[in-house]
Amino acid sequence: MKWPTLWMKSNKNDFSYGIDSTIAQILALTTSYLFSMKIGIDMMTPTIIIGAITDKESNTSYNPLSHISEEQTSWIGSLIYLFPPVGSVVVSFVQDRFGHRACMMVANVTHLLSVATLMLSDGAAGLYASSALMGFNVGFVTSFSLSYCGEVCEPKLRGTLTAVLNLFYFAGYLCVTMLYAVTADWRLSVLFTAILSVVNAAILFKTPDSPMWLMSRGRTDEAKSTFNKLRGGVGEDKCAVEYRDMVHYTSEINLPTDGEKKKMSSIKDSLYRFIEPETLKPLQLLMIMIFFTNLLSGIPYIPYLISVFDKFQVSFHPAWATTMYMAFGVAGNVLTICSINKLGKRFLALCTMATCSVCYLSIGIVGNVLPSSPVTSWIKIVLFFMSTFFSSMGIMPIVWILMCEIFPMKSKNVGAGLSSATYFILSFLMTKFYLDLEMFTGFYNTFVLFGSIGLIGLVYLHFQLPETENKTLNEISEHFKCKNTKADVQAGLA
């Protein structure tokens, strides 16, 4: 199937079911949104723990974490990035068999377990365990939340409603940092966040399984009923086109009957799935895009934001600058939700990547060339805030939206799991070795380096990134399919 219009915004599939359909989809996604907020809380929790360890301005004379060394502190902060790939790989295989709803139930339990572990921890070993468990939760939840959003949303709303995930993620950042600022007690702050898991468990009773997953398991009548509810009960005639497309999309998974014999082993079949163009090409695109996105969205700097703002010589407390940095991220996400359907993902991704690259290059040039002064300090701060605003508006949320869109049904869960695992592995490496890079190149030269690499990424995405907004999942899958690689390989091996 040729798709010559994929590189531009198109309204060919103008599926519109009305406000009842939108409300039904938002209600179904409520659990995913709360899980995304919990991810943001988990990712920020090591930061407030490290803040408590290194707090030299505490009003209390006794700090129970003061015995923890700098080396132990670095592991507490980095383990949160190391273990998400484990959760991503586990969920990619589990959700195919048990469905998204069952995975959500497990995630609630593990979230509460991570909170309990933190409450009982007063030494490095317990904090290691809790950081690792939170990292596992992050990877586990991220994968099924993305695939669930992609499968329950209509094409016209999929980009917008999936972008809300990133908004709740940043809301989790702000939530736990504000709680810590108010209570000055990291244990109490984390304990309050457990309310999310309790609320989510209650809402889960009304959360349906994905109709695509139900269809893939042969539960056709249940899938049809769930699909109709998610479209606001508009009737079969109005959503017949999208439903037929969903049936065709899920038909790629062939469940063997009792009388059938598998011609190939499951291991070989899985291998063939990943060398098919419709799986291999999206996976390659996402992995490369994740690398560029991580550099330009400030991932290497996040654990060291206080130090970054100190080097910018801000005229107010760096902690407030960090809060403002997160607030600009939230503002960017709000703008994404409002604009993605009108502007399209490709346009947003290219424009914001270009803007972030220019901001980083400008910070590096100003820092290296111009003398230090209050004016140059504000210029660097504004450019840094602009970079997080635009990355949160475009490249960062779009990467996560693409994870739930561009893989075919038969490899969607594993593909999304591997992609999210790539994100966290790269994040771990970038944060763990950033200080070494800064020592080798100099602080402002890291901005020049990241900005230059971002321009290379811009050229790559210009030629490789298609427009997926308002496209059905089947159309997106067909775009990446150029020939039947599996058949060719099988013929070659015969």
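Even glycines carry a Cβ here, placed using N, Cα and C.
Among the features that TrEMBL reports, domain 'Major facilitator superfamily (MFS) profile' is placed at 24-469. The average pLDDT computed for the domain 'Major facilitator superfamily (MFS) profile' (24-469) is 80.
Under the heading transmembrane segment, TrEMBL lists 15-35 (among others).
Proximity of distant same-chain residues to the transmembrane segment (127-149), defined by a Cβ-Cβ separation under 8 Å and at least 6 residues beyond the stretch ends, is recorded for 29, 32, 35-36, 38-39, 42-43, 45-46, 49, 68, 75-77, 79-92, 95, 100, 103-104, 106-107, 110-111, 113-114, 117-118, 121, 158, 161-162, 165, 210, 400-401, 403-404, 412-413, 416-417, 420-421, 424. Positions annotated as transmembrane segment by TrEMBL: 127-149 (among others).
The transmembrane segment annotation in TrEMBL covers 161-182 (among others). Taking Cβ pairs closer than 8 Å, the transmembrane segment (161-182) reaches residues 25-26, 29, 32-34, 36-45, 47-48, 51, 145-146, 149-150, 153, 188-190, 192-193, 322-323, 326-327, 329-330, 333-334, 336-337, 340, 392, 396-397, 400-401, 404 in its own chain, all 6 or more past its ends.
Marked as transmembrane segment by TrEMBL: 188-205 (among others).
Marked as transmembrane segment by TrEMBL: 283-306 (among others). Among residues of the same chain six or more beyond the transmembrane segment (283-306), those with a C-beta under 8 A of the stretch's C-beta atoms are 47, 77-78, 274, 318-319, 321-322, 325, 353, 356-357, 360, 384, 387-388, 391-392, 395-396, 399, 402-403, 406-407, 415, 418-419, 422-423, 426-427, 430-431, 434-435, 437, 446, 450-451, 453-454, 456-457, 460-461, 464-465.
Sequence annotations record features per position, and here TrEMBL assigns transmembrane segment to 318-340 (among others).
For 347-366 (among others), the entry in TrEMBL reads transmembrane segment. Remote same-chain partners of the transmembrane segment (347-366), defined as residues 6 or more beyond its termini with a Cβ less than 8 Å from a stretch Cβ, comprise 9, 292-293, 296-297, 336, 339-340, 376, 379-380, 383-384, 386-387, 390-391, 393-395, 398, 444-452, 454-455, 457-458, 461-462, 465, 467.
What TrEMBL records for 378-402 (among others) is transmembrane segment.
Long-range Cβ contacts of the transmembrane segment (414-435) within its own chain (Cβ-Cβ under 8 Å, at least 6 residues beyond either end) map to 74, 77-78, 81-82, 84-85, 88-89, 91-93, 96, 135, 138-139, 142-143, 146-147, 270, 273-274, 279, 282-283, 286-287, 290-291, 294-295, 299-304, 399, 403-404, 407, 446. Annotated transmembrane segment per TrEMBL: 414-435 (among others), in sequence order.
What TrEMBL lists as transmembrane segment is 441-461 (among others).
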Positions on the same chain near the transmembrane segment (441-461), where near means CB under 8 A and six or more residues out: 288-289, 291-292, 295-296, 300, 311, 349-350, 353-354, 356-365, 367-368, 434
